[in-house]
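The structure appears right after this line, and notes come after that.
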Amino acid sequence: MIVVGVDEAGKGPVLGPMVVAAVVVRHGGGFKESPSVFRGLGLRDSKKLGRGVRERLECEIKEKAVEYNVVSVSADQIDELRRVMTMNDVMVKAFSKVLEPLDFEVALLDAADVNEDRFARNIKKELGSSREFHALHGADDAYPIVSAASILAKVERDREIKKLEDRVKMKVGTGYPHDKRTINFIERYLKKNGELPPSTRKSWKTAKRLINKQKQSNLGDYND
């Protein structure tokens, strides 16, 4: 059976792209078992692996998979899409895009919707496909093939964040709103340049809040 696993990295950050990856293998066992070509690699959710381990596994996954695909959705693209659709719809579009060129019989998806079945149905509908789709919360932990996709997505997003740091010549943190390093970076960049950093999702509440905070600070300086 030809099975594809799909996962994303970067759905929630205020900085950087969202990356979706898909990995295709021939799989003869149960989905919770590691495909034979990946046995011994120790695949699991990319968030539980160190950067060096993820980068090593990325090479092995790409070498051993039947095929793979990685799609990056930039911050600007996310902002544009958010004008006309919900983030759940954006996820359906992104997952469908990464799957579209691939040949598979069964798709295992890390559910990006509170309703797992709805997420699988929406992607099946978007692709106009009669193939089998299964979505599960925590699929990157439950299914090694989805773990493999998680690793490819995370490594690619890390590369994009490094490119951003090289561009602005500052450390930006993980890009997530709960990361103090990320918030400090955005605040410093705003104060210095009068605008949000490149690759910021301007439609995010965090970005809007930091802009308002900077405006209030500027008003305070004027009143003084």
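Each residue, glycine too, has its Cβ placed from N, Cα and C.
Keep in mind the model is a prediction, meaning the values are calculated, not measured.
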Since TrEMBL lists D7, E8 for divalent metal cation, which candidate among D110, D113, D117, D141 does it give for that site as well? D110
Given the divalent metal cation site D7, E8, D110, its other Cβ neighbours within 8 Å of the Cβ centroid, in chain order, are V6, A9, V20, A21, F95, L109, A112, A139, D140, V146, A149, S150, A153
Just give the helix, strand and coil counts over the compositional bias 'Basic residues' (202-212), going by DSSP. 8 helix, 0 strand, 3 coil
10 Å Cβ neighbour count around D110 (divalent metal cation binding site)? 27
CB neighbours of E8 (divalent metal cation binding site) within 10 A? 25
